[in-house]
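Enquirer: The structure is given below, and queries will be raised subsequently.
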């Protein structure tokens with residue numbers, strides 16, 4: 001990882017924030033992007049997103065484990081309805097705590113070291129669950145793996161955004177979501193096909209593998225050049241950029257832009273600076289997107305997916321529903337990764353919110369208007385109790401909730417899933433990026449926990465259609481929020497994006 005020590009050719013400019021869209025500069029940018037060697041950049045991104053693989057694995061860990069623990073012969077490990085609910089949801093509280101701590105870790109240790117630090121609670125958490133002798137050890141293991149997930153959720157998008165260049169930042173920015181979905185799919189596969197042969201404890205042991213691979217690979221990866229500049233380590237930042245871009249590449253212009261941008265900013269945000277639109281506007285946009293993303297209902301749908309399918313008597317075997325949803329998510333995130341740097345972020349957000357709106361509205365109206373006798377629901381039954389009822393589809397109209405759910409997951413995964421994380425890392429100002437990214441994660445997971453806990457109460461009190469109609473209203477709000485507040489960042493450097501919020505001049509974003 002020690003590149004040539006040659007200094008880049010420095011081109012002096014009259015201003016760090018010149019208007020970039022001049023034709024000459026655009027040609028230089030295009031030629032520069034074509035000259036880059038991305039193999040090392042991809043390797044660094046892959047090493048980081050192994051943390052997201054572990055996050056996706058840990059998030060759905062209860063899915064195959066809860067049924068096994070509900071009938072466990074040892075009373076100390078046997079789960080009832082209440083403990084099973086906490087076993088599934090306490091992960092989000094750990095994730096919120098992880099996001100909170102990242103507000104300090106990201107700026108003190110750096111993005112790469114923060115990701116590496118998450119390996120310790122993750123490894124301990126999996127070990128506790130693998131050797132659990134009681135419910136307390138299981139819950140503590142879930143909290144620790146959730147904490148690690150919260151740290152990686154806040155650190156990985158920022159790290160990838162800061163080491164990437166505009167030509168591939170959109171594609172690499174979707175990789176955390178892709179790896180999280182892959183982690184979930186691997187967990188489902190291990191639970192389904194190895195669960196009959198291996199004890200449930202071995203699933204926790206398997207979770208240690210990506211954690212170990214991540215920390216070994218990251219030892220050989222560079223830190224973010226922007227973070228190193230912010231710490232006054234100019235020579236180390238130069239070596240990092242040279243390693244990422246290739247020593248035979250003329251990265252001098254990018255080097256000077258990053259250095260100039262960091263020099264104009266103090267290391268930390270003061271209370272007085274919070275009033276500056278350059279600081280609070282991108283933070284409000286990022287936090288608002290995380291809040292609206294969770295309010296759109298994705299966590300509730302994923303957590304209670306099998307129960308929802310049972311309640312609407314979907315023609316689908318329960319053991320295949322999670323895998324089907326995972327495949328749809330993976331396919332959709334892949335579409336987003338390919339098209340994000342071509343179509344742009346905003347158009348995908350519009351399409352995503354529109355698809356989710358129609359899907360939620362269809363689901364709510366179907367549940368409300370289809371007679372209970374036709375969809376086999378019980379008017380006074382709860383969602384949890386209905387999950388124990390056998391599905392008896394009597395009409396192909398029950399394909400409607402299946403298709404609506406699939407389109408909802410597809411819409412989310414191609415826009416409001418990956419792009420909210422990417423935009424968070426793109427638009428936040430450097431001096432507040434560490435703190436603000438942690439704040440976004442805290443807001444996201446606290447919202448997810450609250451909504452997941454309230455979901456059952458609302459369903460029991462008002463019916464299953466009410467939350468879906470509420471989610472539809474939120475998705476309509478997402479469309480308005482995208483049109484009014486979200487900037488298009490496709491093909492823009494992080495310095496251009498910061499210049500836009502600093503000056504308000506749209507010429508920086510053209």
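Cβ from N, Cα, C; glycine included.
Unlike curated records, TrEMBL annotations are generated automatically.
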Enquirer: From 272-290, 291-309, which range did TrEMBL mark with transmembrane segment?
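Expert: My reading of TrEMBL: the transmembrane segment range is 291-309.
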Enquirer: What range among 134-152, 153-171, 172-190 does TrEMBL describe as transmembrane segment?
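Expert: Among 134-152, 153-171, 172-190, the range TrEMBL annotates as transmembrane segment is 172-190.
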Enquirer: If TrEMBL is the reference, give me the range from 468-486, 487-505 marked as transmembrane segment.
Expert: 468-486
Enquirer: What stretch in 41-63, 202-221, 291-309, 396-423, 435-456 has the biggest tally of Cβ pairs under 8 Å against the transmembrane segment (172-190)?
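Expert: Comparing 41-63, 202-221, 291-309, 396-423, 435-456: 41-63 has the most Cβ pairs near the transmembrane segment (172-190).
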Enquirer: Counting only residues 6+ away from its ends, which parts of the chain sit with a Cβ under 8 Å from the transmembrane segment (202-221)?
Expert: 1, 43-44, 46-48, 50-51, 53-54, 57-58, 61, 64-65, 112, 115-116, 119, 122-123, 126-127, 129-130, 141, 145, 183, 187, 190-191, 194-195
Enquirer: List, by number or range, the same-chain residues at least 6 past the transmembrane segment (113-133) whose CB is under 8 A from its CB atoms?
Expert: 48, 51, 54, 58, 61, 76-77, 98, 102, 105-106, 140-149, 151-152, 154-156, 159, 201-202, 204-205, 207-208, 211-212, 214-215, 218-219, 223
Enquirer: Under 8 Å for C-beta pairs, could you tell me which stretch among 83-106, 291-309, 396-423 has the largest tally with the transmembrane segment (435-456)?
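Expert: Result: 83-106.
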Enquirer: Six or more residues out from either end of the transmembrane segment (83-106), which same-chain residues have a Cβ under 8 Å from its Cβ atoms?
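Expert: For the transmembrane segment (83-106), the far contacts come to 58-59, 62, 66, 69-70, 113-114, 117-118, 121, 135, 138-139, 142-155, 158, 299, 303, 433-435, 437-442, 444-446, 448-449, 452-453.
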